[in-house]
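Colleague: There's a structure below that I have some questions on.
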Amino acid sequence: MSETAVVEQPNDEVSTEKINASSVGDTIKSTELTADQKDKLEKLIGAVPEILKKTDNPKYDEIFGYCINVDTNEHVDVSIRNEILLKFLVADEYDVETAKTRLVNTLNWRNKFQPLSAAYEEEFDQELDQLGVITGNPDGNSNMKYVTWNLYGKLKNPKKVFQQYGGEGESKVGAKEGTQFLRWRIGIMEKSLSFADFTDPSNNKIAQVHDYNNVSMLRMDPNVKASTKQIISIFGANYPELLSVKFFINVPVFMGWVFSFLKKMGIISAETLKKFQVLSNGNLSEWFGKDNLPAEYNGGKSTKFSSLEALAEATPEHDIPVYAKIILAQTKDQVIEDTNLSVD
């Protein structure tokens, strides 16, 4: 039996209580909404019980570590829930029906893939720990306070990290979807989102840096290419309106065709492509300030940060969302139950 998270509700059925959406506009702090946009958000909020009923597991109501359910559910933070729903609505250009479908699909994906487990519970090959870090500066520019760094040039053993998570010998009970690399990469994304405050206009999105230094584009491992395509698809479908900017640095000039290809194939929307910054060097001083970066990323200037790792270590500590902890605990309990059943 594959592992799924089961979230306890007051009753066995999903609540059909009408959500109070009369003051939706007052709960949204991340942006100004028009009257029409507020009306559509109210409709999406009111459709939450319907959305949950349409999922494979109606009891699973978590997105980005927060509860997506009716107002009276004890785990719901109404403001955060509304901000998350707004991101889905914006991504689908305020088409309520399309946003509802996306939410159903995302809840199904999260229930099956378990991204919170990938972020906080699973252990990966040590090499993967060298491929990415999260850095933070609470005083940084708007929606660039927290950054995920992807350091592809440090990948030395692609065959190993692109194996199925857990290896071929892992029990089917509690087995996880995807390769080590995929689960690690999704986990980094989930961790970075825990630093965001969806109700703060200056910190409701994160930034990403993809460093291609020492990467041979012509001899890139086919597994890397396949996983990159898969990650782009997953992020596009399940992580809407969460990136403020995406830097591609130390990119060979001739690789510009990649971004034209992504746009032509419709893999990434034109709106998302506007957030891309493609640099043939690694100097990010213009966006983050030279004093907030190690020399390798600020044009060679000396700073208090000797390395990217030192910058990551300086990131303020924080706690993950309370509901994420609840989901993780219940997932563990479900694994134990499934294991006992398989033994019986």
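Positions of Cβ are set from backbone N, Cα and C atoms, glycine also.
Here Swiss-Prot flags Tyr152, Arg185, His210, Tyr212, Lys246 as heme binding site, drawing on similarity to another entry. Residues or ranges marked as domain 'CRAL-TRIO' in Swiss-Prot: 139-305.
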Colleague: State the count of C-beta atoms found within 10 angstroms of the C-beta of His210 (heme binding site), not counting that atom itself.
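Modeller: There are 20 such Cβ atoms around His210 (heme binding site).
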Colleague: Whose Cβ lies within 8 Å of the mean position of the Cβ atoms of Tyr152, Arg185, His210, Tyr212, Lys246, the heme site, other than those residues?
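Modeller: Counting only non-site residues, the set is Asn150, Leu151, Gln208, Val209, Asp211, Thr228, Phe248.
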Colleague: May I ask you to report the DSSP-based helix, strand or coil state of Lys246 (heme binding site)?
Modeller: strand
Colleague: Using all protein chains shown, find which of the binding-site residues Arg185, Lys246 scores highest when you count other CB atoms within 10 A of its CB.
Modeller: Arg185
Colleague: Once near-sequence residues are set aside, which residues in the chain of Tyr152 (heme binding site), 6 or more away, have Cβ atoms under 8 Å from its Cβ?
Modeller: Leu131, His210, Asp211, Tyr212, Val215, Val224
Colleague: Please find which two of Tyr152, Arg185, His210, Tyr212, Lys246 have the most distant C-alpha atoms, given that the record lists them as binding heme, and give only that distance in angstrom, rounded to a whole number.
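Modeller: Taking every pair of listed residues, the largest Cα separation comes to 16 Å.
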Colleague: Around Tyr212 (heme binding site), how many other C-beta atoms are within 10 angstroms of its C-beta?
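Modeller: Step by step: centre on the Cβ of Tyr212 (heme binding site), count other Cβ atoms within 10 Å, giving 21.
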Colleague: Any idea what the model's mean pLDDT is for the domain 'CRAL-TRIO' (139-305)?
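Modeller: It averages 85.
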